[in-house]
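Have a look at the structure below, then the notes.
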Amino acid sequence: MTKKTLDLSVYFIAGSQNFSECSLDEATQKIALIIKSGVTVYQFRDKGTIYKEQKQRLSIAQKLQKVSEEAGVSFIVNDDVELARELNADGIHIGQTDESVSKVREKVGQEMWLGLSVTNADELKTAQSSGADYLGIGPIYPTNSKNDAAKPIGIKDLRLMLLENQLPIVGIGGITQDSLTELSAIGLDGLAVISLLTEAENPKKVAQMIRQKITKNG
């Protein structure tokens, strides 16, 4: 496996729990449609999803990985190193309370992308020399998509924090269509979104809008 180029511009995060009114199969189909709508990265994050058995989870992850591959979308697994290894995923994304970047790197090797979440200036500074390939910073705004989200950073502080950053980085948390313009002009390499795409009537249009904003100012 050779490490691919990672286009972070339209970074989609979702699992079946983000379509709570749907069955697992229906939710998987909805996620697949969004993956094919023009996103550049898909992160399989299924926290809160209840499976009848573990092999059902693996089957869904494999289906979404295949859809991602066919769409030319990088497939990232959230937190679960063993699943990422079993799938030979393009990458793994971890948080501050998970294993260290160095320990995860030992397990997944150099070929797999390794992303790290940061929520404040101190974490961002430490992350620069952590060995992570890219960072996810947020929440930028208040968000309902994650129950355990940290205090929102705000656009003013985020702008200052990004001056100290040297790594590829995506912003996340409470992003709406109305905030795309101000976010596109502060030095982010991409925007990571959940509800902006899962609740969109036209995901393709939204994905295109995000990409245009980011690449225009990139």
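Keep in mind that glycine also has a Cβ here, set from the backbone N, Cα and C atoms.
Not measured: the values here are computed from a predicted model.
Look at Swiss-Prot and you will find Gln43, Phe44, Arg45, Asp46, Lys47, Asn78, Ser117, Lys146 tagged as 4-amino-2-methyl-5-(diphosphooxymethyl)pyrimidine binding site, backed by sequence analysis. In the structure as shown, the Cβ atom of Phe44 (4-amino-2-methyl-5-(diphosphooxymethyl)pyrimidine binding site) sits within 10 Å of 25 other Cβ atoms.
Taking the Cβ of Asp98 (Mg(2+) binding site) as reference, residues of its chain lying under 8 Å away and at least six apart in sequence are, in sequence order, Asp79, Val104. What Swiss-Prot records for Asp79, Asp98 is Mg(2+) binding site, and it gives sequence analysis as the kind of evidence.
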Asn78 (4-amino-2-methyl-5-(diphosphooxymethyl)pyrimidine binding site): secondary structure state under DSSP, collapsed to three categories: strand
Site with most surrounding Cβ atoms, counting all protein chains shown within 10 Å, from the binding-site residues Asp46, Asp79: Asp46
Sparsest-packed of the listed binding-site residues (Arg45, Lys47) - C-beta count within 10 angstroms: Lys47
